[in-house]
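Visitor: The compositional bias 'Polar residues' annotation in TrEMBL covers 662-675. Under the heading domain 'ML-like', TrEMBL lists 24-164. The region 'Disordered' annotation in TrEMBL covers 631-740. The feature signal peptide is assigned by TrEMBL to 1-22. Under the heading transmembrane segment, TrEMBL lists 167-186, 198-220, 335-361, 389-409, 415-435, 478-498, 504-524, 536-557, 569-596.
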């Protein structure tokens, strides 16, 4: 009996000779029924063909209720195209045990059978080397009496090669992190233009990685190479397997009333059908674990034949997000909590890193190893910088948490996890919505007062450090574009999270969303300069093309299988090339930003003149900065660390005080508004002789004025007088005198 089944498996594997080598091998670790009425079932099927030693290793456990003589139809297909078919007669070939077939239990332990070298010579070398081989063999057992198929079993074939590599995922994560660190260091060194470009490109690169992860999370039929490629980016969604964290997640779920799943723990006794998947190691093969994707479905089967010989399989269907977790070795019920834990670890690690960097800088300064002016802005205002970094973490984790939290609403793993999901996602939505509205209010106030949105957005260091993450990557006139961007991310995340039962709907939704967003950024070109616009438009084009490919993978066009297979390979190739180009661009820019003496020379000044408004608290004593401060109507000591004017405050965020534009209007010179003090003023009046600009009396002699109309006297300014509720408030040059 062993010899007959070994011979049959050998025929199936050698059938790959019509297909177009590391240890060269072909193996299969699942045998799955492929017709409704089946008289053969298997709870375990493992077979490995190793041409190096001309051996076939196999083990089979199953039940057969087929009786009598049969013929066997063998069909081998690759990438949806049938490439080999033959009919075998077990009696002519001498397959003992199959001529005739008898009803009974099949229990074949691990065995090795030699295979003739002449048979192995028919298998082309490419079959052993192409990654994520999309090939399978179907075996039909046909009764010679009725001519009908009594059973059909299907096995996927693998060569152990895959594009799903942990080294690739780690490299992508490290380069993304280094780019963000480089932008922070460059900003601390005072190269604001370079820091803005590096940060913008790094965030765009990270967004592209998350878009690739979204593709893998859809409940769509993915070719094996596509499923494997997108698996490399799941770290960006927090889907990372760490053993003790899985134990913690399982314990937490149980302790809060949840019931953990046991799909992974049952693999030791269950054959897992993987028809379209990345190929795992032989180690997992021998552990009887398998990872297979067919129509984006992984089926974990525990088959047993009933008394009538019918297949009574217990099937667990894992698709979309569950498939991603299954391939990562994470139980389905632990996926949300795993992603949540890693997001929190990311936030805490960044906070600790900032604190350690602050202590390190202070230690070096005290030891005389670093000049006192190095990172002075950061050292003096590190708390504000830390707040801004925390907001940035919320923005970076927004796509991840949108998908995981809304998906958790459909899973309800436990009451506590549902509460975490609700609090987390709505807190993030509230924070980003409020921060976006804050930026829009500041920009509109700046336009009203100075005819330029960049003035207030970039002239206040506190506002820039805290809210700048929402607008520095855009040109000043596109300050509002963070809102369409957040809506774009939210819409995509909702389709991924809530559309797990409808892959076609997900694909159509992503195509529409990507098309609208692509048209929007091509028309508006909202980013800071041509290079950054080109960088982001290229990413959006690739995302749109990927969405179109995803729509094709759904089979909505009823295309031949070969079309889907070839498009899967094309998807992998163009995304791999594009990812490599993006990584090189970001990596080179990051290195130059850190090692170059003056990296700002690589970038042209922004057309929105943001550079002339950005103020450095540590360099205002330099001549050029002093001239810039004079042009803005500020005294030399107008910005004193955290005690300067706070433009971003809700009640005092106007440079002219007051809560309305009418209250902010001043009539200093006999009721005539000037270019200095009116709502549209962008310049300050020159200082009068012997009096600083911040202490000038704006009331003309003999002109009566009430408290609500006149400006504060020098005495009141120096004492920090705020005036009554009807006061117009301080003018821009009064702010420099300490008026609050």
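Cβ atoms here come from the backbone N, Cα and C positions, even for glycine.
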Visitor: Run the contact check on the transmembrane segment (389-409) against the transmembrane segment (198-220): 3 or more C-beta pairs under 8 Å, excluding pairs closer than 6 in sequence.
Guide: yes
Visitor: For the transmembrane segment (198-220), give me same-chain residues lying six or more residues beyond its boundaries with a C-beta closer than 8 angstroms to one of its C-beta atoms, as numbers and ranges.
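Guide: Hits for the transmembrane segment (198-220): 172, 176, 179-180, 182-184, 186-187, 226-227, 229-234, 236-237, 239, 296, 319-321, 324, 395-396, 399-400, 403, 472-473, 492-493, 496, 499-504, 506-507, 510, 527-528, 532, 535-536, 539, 542-543, 546, 550, 553-554, 575, 579, 582-583, 585-586, 589-590, 593.
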Visitor: Are there residues at least 6 beyond the ends of the transmembrane segment (415-435) whose Cβ is under 8 Å from a Cβ of it, and what are they?
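Guide: 252-253, 256-258, 336-337, 340, 391, 394-395, 397-398, 401-402, 404-406, 408-409, 467, 470, 486, 490.
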Visitor: On average, what pLDDT score does this prediction assign to the domain 'ML-like' (24-164)?
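Guide: Over the domain 'ML-like' (24-164), the predicted model scores a mean pLDDT of 75.
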Visitor: Which one of these stretches, 167-186, 335-361, 478-498, has the most C-beta pairs shorter than 8 Å to the transmembrane segment (569-596)?
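Guide: It is 167-186 that shares the most Cβ pairs under 8 Å with the transmembrane segment (569-596).
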